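Engineer: Here it is, the structure, as structure tokens.
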Amino acid sequence: MEGVKFPFGGIINDFNGRRKCYKQDWLAAFNSGVRILAPTLYIFIASALPVIAFGEQLSRETDRSLGIAESLASTALCGIIHSVFGGQPLLIVGVAEPTIIMYTYLHSFSKSRPELGQKLYLAWAGWVCVWTAVLLMLLAMLNACNIISRFTRIAGELFGMLITVLFIQEAVKGLIGEFLVPKSDDPSLEVYQFQWRYTNGLLAVIFSFGLLYTALKSRRARSWKYGFRWMRGFIGDYGTLLMLVLWSAFSYTVPRNLPEGVPRRLELPLPWASESLYHWTVVKDMAKVPPLYILAAFIPAIMIAGLYFFDHCVSAQMAQQKEFNLKNPTAYHYDIFILGIMTLICGLLGLPPSNGVIPQSPMHTKSLAVLKKQQMRKKMVQKAKECMREKASNSEIYGRMQDVFIEMETSPKATSVVKELENLKEAVMKADDGGGETKGKKFDPEVHIEDHLPVRVNEQRVSNLLQSVLVGLLILAVPVLRMIPTSVLWGYFTYMAVDSLPGNQFWERLQLLFITPGRRFKVLEGLHASFVEIVPYKSIVMFTLFQLLYFLICYGVTWIPVGGILFPLPFFILIALRQYILQRLFDPSHLQVLDSSEYEEMVGAPQRNSSFGFNGELREAHNIPLSVVENSEDEFYDAEILDEITTSRGELKHRTLSVKEDRSQMVKIYNHS
């Protein structure tokens, strides 16, 4: 991203860059045919489930002024706008936890002011959105995205940890609430007698922990040693939804003599009911908000604008990691401008705004990377085999494969194709020529193309558009959503919290504090973050304690009744602290590793034992044909490999060998550092 200096320069550059590939963004999806439906369904489920959970949380915190239907409507509307008019179509938008937190504080403030109250809550929130939209557009016009490089790992991981703790907090509050009488209900009803409340609470514990355990297990289904590959892949992609359906079905197996309302289920009005239709006309009440509160709305708008700017840019960064090898240009400035427009529309319609979300955005890119590689690999293998039947030379085979690659390269900037295929060319040309590692080996299209084909992503807009439409159609499925027990959602909140921890180096360093010196070698034996081998233990401890203290400050701010709306402020301050203060407290080289922009992982021990696979010397000793190995269900495939090298937030790991050859000496130094 170029550092544009003049106003509107970033937006203009982004718009012109994306305009050149806009037509191809649509054609690329149509060329994929029905295969585009697989990543569409995958990202639809990954996007819809959190929105349903957040919608239920929003409903409880705002006395049902907003809820699941409004959250789904916002996600669908903003998703459609962004997929059609946005700059980066791989970026997924939706209602996220920061929006829920801010709208909760707005509701608390509105209820405490008689001039506003519950009646004008959405109208005042609309004014907050108007100011937020103005600020976001100004940030885009003034090229504020040029500072995106200052969003380092420490801020992102602290924010992620805060959201994780708030998820767990919400799950605990929800479970405790299952034993209590809801605030808006009549406590004299039979369903709220002690024995039935206790029964409902125990069932809630079973359902929530049941979903948590099974969802976490299904999350890593691709690495299971049981089942066929297609089955493992299906469970890995859609396991969370399957578990939600499974535990919702289990909730109907309770004895029939339980009163209605045990277990408790989602309560949401039909989209055509009068209380739902009110949101579309909230703009009429905005004129009733006193002028003083219209001006006061600017204060929370500053916090929300900064929060959206940070979250949206980081989500876009994660969706466009350089390892994905994207060819179309970025559009940070333009997308922030579009975000401002979407926030304005949502505010006027009485909906909670949507912004870029993690991990859905990098998950979307990852699913399209697998699809594109499968398509390229299939066509290139077919062309290579066709040439081999014609007894073409190796140079002719490579030339034909390169033509296929160029033909499928949809980007207008396909000038580096030859350079990207250098490794494949070398492998093809050296085969049968007695050179390098391929000495004495015949060129095998299946093996060589798989090993040397560069990563490609099917950059298009259709999957984002279709998943947004599907999210919108969920609003019509209210009768089905009402069948979900609320306790299952508390389990899903806990699942989102636990699943977000792996790959968070702040969490990894916290665990390191509780490992005794004599057992630290266990960390080095497995896969571990690079800082473990590079940074002295004392520096790791000091940096972690600073981060822990700052996290407690951020979390403490969220407990301030009305002032909690300022919770994004510490994260803005942290950017300055990182740039000017931490540089003096820590060795710059150590700080660069601890706060690096990329996740680097060291290989401490072999991950797989080839003695259980049909490969290498074992295959040759038993005279097993190569075709048997290639068609074996036990081989690793693209999606499984991407799962292994991706953190839970969608961040690609840089995996390298240990920087120390003498392991025993390294352990000794590490234990005494």
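Cβ atoms here come from the backbone N, Cα and C positions, even for glycine.
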Engineer: Checking Swiss-Prot: are G33 and M318 on the same side of the membrane?
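Structural biologist: Opposite sides, per Swiss-Prot.
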Engineer: Can you check which of 469-489, 490-510 Swiss-Prot lists as transmembrane segment?
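Structural biologist: Comparing 469-489, 490-510 with Swiss-Prot, transmembrane segment matches 469-489.
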Engineer: To the transmembrane segment (198-218), which of 36-56, 290-310, 469-489, 557-577 is linked by the most Cβ pairs under 8 Å?
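Structural biologist: Counting Cβ pairs under 8 Å, the winner is 469-489.
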Engineer: Does the transmembrane segment (161-181) come near the transmembrane segment (290-310), with 3+ Cβ pairs under 8 Å (pairs 6 or more apart)?
Structural biologist: no
Engineer: If I take every residue in the topological domain 'Cytoplasmic' (1-35) and average their pLDDT values, what number comes out?
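Structural biologist: Result for the topological domain 'Cytoplasmic' (1-35): average pLDDT 85.
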Engineer: Tell me whether the transmembrane segment (76-96) sits in contact with the transmembrane segment (557-577), defined here as at least 3 Cβ pairs under 8 Å among residues 6 or more apart in sequence.
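Structural biologist: When sequence-distant Cβ pairs are counted, the transmembrane segment (557-577) does not touch the transmembrane segment (76-96), since fewer than 3 lie under 8 Å.
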Engineer: May I ask for the residues of the chain that lie six or more residues beyond the transmembrane segment (557-577) and have a Cβ under 8 Å from a Cβ within it?
Structural biologist: 98, 101-102, 105-106, 108-109, 112, 150-152, 154-155, 158-159, 162, 166, 299-300, 303-304, 306-307, 310, 550
